[in-house]
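Q: Annotated transmembrane segment per TrEMBL: A:35-52, A:59-77, A:83-104, A:111-128, A:159-176, A:210-235, A:247-272, A:284-306, in sequence order.
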Amino acid sequence: MMSKTWQKPLLAVLLVLAIVFPMLAANDYYIYVMSLAYIMAIAAVGLNLILGYTGQLNLAHAGFMAIGAYTVGILTVDYGVPYWVAFVVAGALSAIIGFFAGLLSLRLKGHFFSIFTLCVGFMIYLIIEKWDALTHGTVGIIDIPAPTGVGPIRFDNTWAQYYLVLFFLVVSLWLMSRIVNSLLGRAFIAIRNGEDLAETLGINLMRTKVLAFVLSTFYAGMAGALYAGFVRFIGPAMALESHTFDMIAFILVGGIGTLFGPLLGAILLTWLTQSLQFLQDFRMIVFGPLLILLVMFFPQGLIGYWRERQARRAAASVQDRRLQRSVVGPQQEVGTNA
Amino acid sequence: MLEIQGLTKRFGGLTAVRDVTTTFDKGRINAIIGPNGAGKTTFFNLVSGYHKPTSGRIIFDGQDVTGLRPDQVAKLGVARTFQSTTLFDKATVLDNLIVGHRLRTTSTFWDVVLNTSRLREDEHRCRAKAEEVLDFVGLSSVAHHLAADISQEERKRVAFALALATDPKIVLLDEPAGGVNPEETLGLAELIRKMIRKGLTVCLIEHKMDMIMSLADKIVVLDHGEMIAEGTPAQIRSDQRVIEAYLGADYAAA
């Protein structure tokens with residue numbers, strides 16, 4: 001198909017742009033902001049799996065990101081565990097808690113599921129805020145060590161950390177593209193399209209949904225673990241549902257149920273927020289109408305809009321070729337008969 | 001093929017299906033008719049596992065399937081279509097069908113991560129199956145159209161194709177000709193006959209009496225959840241209770 005032929009070069013260009021970005025950035029602060037956008041993108045890519053592909057609006061996603069961040073914070077600061085060990089534990093723990101939360105919450109459907117996960121997220125927030133002895137409570141955790149070096153590479157400056165985050169972003173996207181383009185991804189999409197029909201096609205609803213949920217919380221946990229090592233201080237507020245809504249905004253702007261939508265949304269909205277910083281609280285006056293316009297004219301998000309056009313064009317070109325063949329075909333027959 | 005014994009489903013105070021006992025024979029076209037609210041779709045929901053019966057048993061191919069989940073029933077070979085089919089409108093028709101054969105494959109999440117040969121083989125098989133069933137229902141020409149762009153009749157055929165992709169033994173069709181014109185209805189009836197020739201068993205709910213009377217080998221009539229008659233089209237047409245409850249005097253006279 002047409003879109004596929006120039007997908008690869010386009011991806012290569014994007015990757016090169018991402019790699020040279022620090023060299024073009026005017027100062028380290030821009031690199032810092034971009035790295036943060038990438039981390040949020042990893043979390044949003046995970047949320048997109050359960051929300052965009054499987055059709056389940058999980059409002060506890062920021063909570064799982066906080067679980068990942070706090071796992072790293074607590075283990076490295078209070079127990080002296082090396083960063084990378086804590087990093088792996090963070091992913092695993094988020095996924096394990098995600099498994100049990102998913103098993104419980106996915107018994108509910110639609111809005112009820114969303115409301116339940118809203119409560120799950122708030123419970124995570126409350127536990128983090130109130131359990132002083134473990135989580136340092138409202139004070140949060142400060143002085144989290146930066147990721148320790150791997151071989152000759154050290155991650156103690158913004159540049160190195162940028163490339164570290166970029167590496168994980170690329171791996172996240174690569175793994176997600178495998179998942180959503182596989183038979184498994186098709187099963188997720190079938191559930192989003194209609195749970196009854198999916199079940200009729202022999203898809204085990206509960207098992208498939210829990211798998212999507214666990215994978216998405218794993219992504220959240222990894223993003224949280226990166227966040228802890230990058231920002232170096234964390235507070236309970238990161239578990240609040242407002243951060244989940246930020247990620248939902250990234251997904252909606254970029255394109256729900258598309259691979260690169262969450263990344264595009266995270267980058268666009270992060271920079272938009274940055275560039276409107278001078279307006280302080282008034283920035284919402286610009287921000288709100290922009291979002292409304294976007295939802296009105298690009299309800300599928302930017303990439304969703306682009307993809308739909310591509311798909312339509314591909315379908316039309318197949319049709320054209322068939323039409324041409326059917327027009328040419330009979331004429332030739334007439335010719336040979338004569 | 002499908003044996004129903006004393007099947008009853010109560011929703012609170014409402015008895016949607018009451019003590020239905022019947023059998024659907026292999027290789028036949030069986031029809032369920034009755035007025036709106038007679039419990040026809042509930043009956044399908046019971047057979048395909050969406051509802052657990054209050055009492056009674058469902059025996060499919062000699063195996064008790066009462067109380068199984070829909071995905072388990074589907075794996076045993078019971079496929080069904082819905083009155084309206086929820087397709088992914090932004091994907092092509094072929095893309096929509098590939099997942100239909102997923103239940104006959106075995107690759108897991110780890111196959112996906114490692115991109116194993118088993119996964120690639122499974123995906124190849126699913127795609128081949130999708131093309132095969134699309135050809136069977138006569139829609140190869142719209143394989144690459146977006147699902148959003150196909151006609152109502154083509155949507156009905158896609159629903160058939162999805163059901164067939166699961167490699168079923170029996171297909172339950174819920175109003176397969178609902179919302180299509182008389183000419184297209186004839187085409188869909190022919191497609192149902194083609195499914196029988198392929199060795200399938202069909203059970204359908206339909207309101208179009210001309211189609212049913214010419215198509216069905218056996219008709220079961222439900223009214224207020226109860227089976228008031230069963231038999232061949234000729235028997236049903238002359239059954240006094242059926243005429244009163246559903247067909248009306250006009251139809252019987254005709």
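Each Cβ is built from the backbone N, Cα and C atoms, and glycine gets one as well.
Note: TrEMBL annotation is automatic and uncurated.
For the listed features, I'd like the structural context: burial, neighbours, distances.
A: Taking Cβ pairs closer than 8 Å, the transmembrane segment (A:83-104) reaches residues 60, 64, 67-69, 71-72, 75-76, 116-117, 120, 145-148, 150, 209-210, 213-218, 220-222, 224-226, 228-229 in its own chain, all 6 or more past its ends.
Packing against the transmembrane segment (A:210-235) from elsewhere in the chain are residues 35-36, 39-40, 42-43, 45-47, 49-50, 53-54, 56, 58, 61-62, 64-73, 76, 83, 86-87, 90-95, 97-99, 101-103, 105-106, 138-147, 155, 161, 164-165, 168, 172, 176, 179, 184, 188: each is 6 or more residues past its ends and has a CB under 8 Å from a CB in it.
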Q: Kindly say whether the transmembrane segment (A:35-52) and the transmembrane segment (A:159-176) touch, using the definition of 3 or more Cβ pairs under 8 Å where each pair is 6 or more positions apart.
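A: Per Cβ check, the transmembrane segment (A:35-52) touches the transmembrane segment (A:159-176).
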Q: Per the definition of 3+ C-beta pairs under 8 A with sequence separation of 6 or more, do the transmembrane segment (A:159-176) and the transmembrane segment (A:247-272) touch?
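A: Output yes: the transmembrane segment (A:159-176) sits against the transmembrane segment (A:247-272).
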